[in-house]
């Protein structure tokens with residue numbers, strides 16, 4: 001099927017949902033050669049991925065991952081990467097605040113790809129055991145409303161793609177698929193993207209993948225996060241409908257900063273930044289976490305405004321609930 005699909009793509013023809021899903025199945029099963037995988041990814045990128053092609057590919061990738069079993073609504077806070085901004089780990093830090101606010105967070109991540117420090121890197125530097133089996137992570141999720149799923153543990157089939165992606169050295173559909181293939185089947189999601197043109201299409205993809213409440217965001221300073229230094233373009237998913245709007249820090253009483261104020265560093269440096277924020281240290285980095293946490297809380301709850309959600313996020317940090325959440329997570333991940 002992958003050869004036929006390449007022929008279609010070279011002729012600028014869109015693939016059907018069924019064909020795109022079958023191709024992903026071939027790739028994830030190890031049935032496609034590196035040459036064919038590279039040709040397919042390049043041809044798809046040159047044509048431009050459709051909503052159906054992305055959705056089908058994500059569904060195909062999910063079929064081949066190890067699942068984390070649970071019985072609750074869970075939130076994923078994630079970015080596609082590729083913004084080349086080298087910010088500190090905003091999404092990961094935000095996860096501790098949001099989960100401490102009572103919203104279960106199932107974070108899915110990897111080591112660094114497009115930055116100096118990925119989610120797995122900073123958590124490891126904080127002392128978290130990232131190598132837990134799915135059953136152990138499920139227990140922690142049940143116990144404290146938070147877990148981390150290391151991509152290499154859950155997506156072993158990616159070994160068939162990794163060498164090709166490294167050699168190609170260009171963005172491919174897999175830059176988008178990682179955040180869409182949460183092993184816990186997250187039905188709540190804040191997804192940051194690396195270009196504005198992806199906001200609406202990926203909101204439609206999340207809707208097709210069964211996300212109940214979600215938000216796709218792009219900071220106009222280039223960040224794949226809700227930005228504290230510029231406007232953020234948003235598309236919100238609620239009750240099967242999409243809503244477009246713009247977010248600005250001033251809406252919740254925060255002051256814009258320079259993009260450089262959010263830059264991080266090595267895993268050890270970013271771990272220190274995360275711990276300082278959760279301990280109550282003030283400044284732009286804390287405000288960026290409050291902004292992103294407020295958006296998550298507001299997105300999930302029906303009974304509050306964005307401003308009230310920001311107050312909740314601030315109180316969670318100032319009351320030390322967020323730092324206690326981090327310390328408890330470290331403790332539970334290392335228990336034997």
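Just so you know, glycine gets a Cβ as well, placed from its N, Cα and C.
According to DSSP, residue 110 (anthranilate 1 binding site) is assigned to coil rather than to any helix or strand. For residue 110 (anthranilate 1 binding site), the count of additional Cβ atoms within 10 Å of its Cβ stands at 18 [all protein chains shown]. Per Swiss-Prot, 5-phospho-alpha-D-ribose 1-diphosphate binding site is recorded for 79, 82-83, 87, 89-92, 107-115, 119.
For 79, 110, the entry in Swiss-Prot reads anthranilate 1 binding site.
When secondary structure is read from DSSP and collapsed to three states, residue 91 (5-phospho-alpha-D-ribose 1-diphosphate binding site) falls in the helix class. The Cβ of residue 91 (5-phospho-alpha-D-ribose 1-diphosphate binding site) lies under 8 Å from the Cβ of 77, 78, 79, 107, 119, 190, 192, 225, 292, each of which sits 6+ residues away along the same chain. What Swiss-Prot lists as Mg(2+) 1 binding site is 91, 225, and the listing cites sequence analysis.
Other C-beta atoms found within 10 angstroms of the C-beta of residue 165 (anthranilate 2 binding site) number 18, with every protein chain shown included. Per Swiss-Prot, the feature anthranilate 2 binding site maps to 165.
Annotation note: residue 224 (Mg(2+) 2 binding site) sits in a coil segment as assigned by DSSP. The annotation Mg(2+) 2 binding site is assigned in Swiss-Prot to 224, 225 on the grounds of sequence analysis.
Around residue 225 (Mg(2+) 1 binding site), a 10 Å sphere centred on its CB holds 27 further CB atoms from the protein chains shown. Among the binding-site residues 87, 110, 111, the residue whose Cα lies closest in space to that of residue 224 (Mg(2+) 2 binding site) is 87. All chains included, 15 other C-beta atoms sit within 10 angstroms of the C-beta of residue 111 (5-phospho-alpha-D-ribose 1-diphosphate binding site). Around residue 87 (5-phospho-alpha-D-ribose 1-diphosphate binding site), taking its Cβ as the centre, 27 other Cβ atoms fall within 10 Å, counting all chains.
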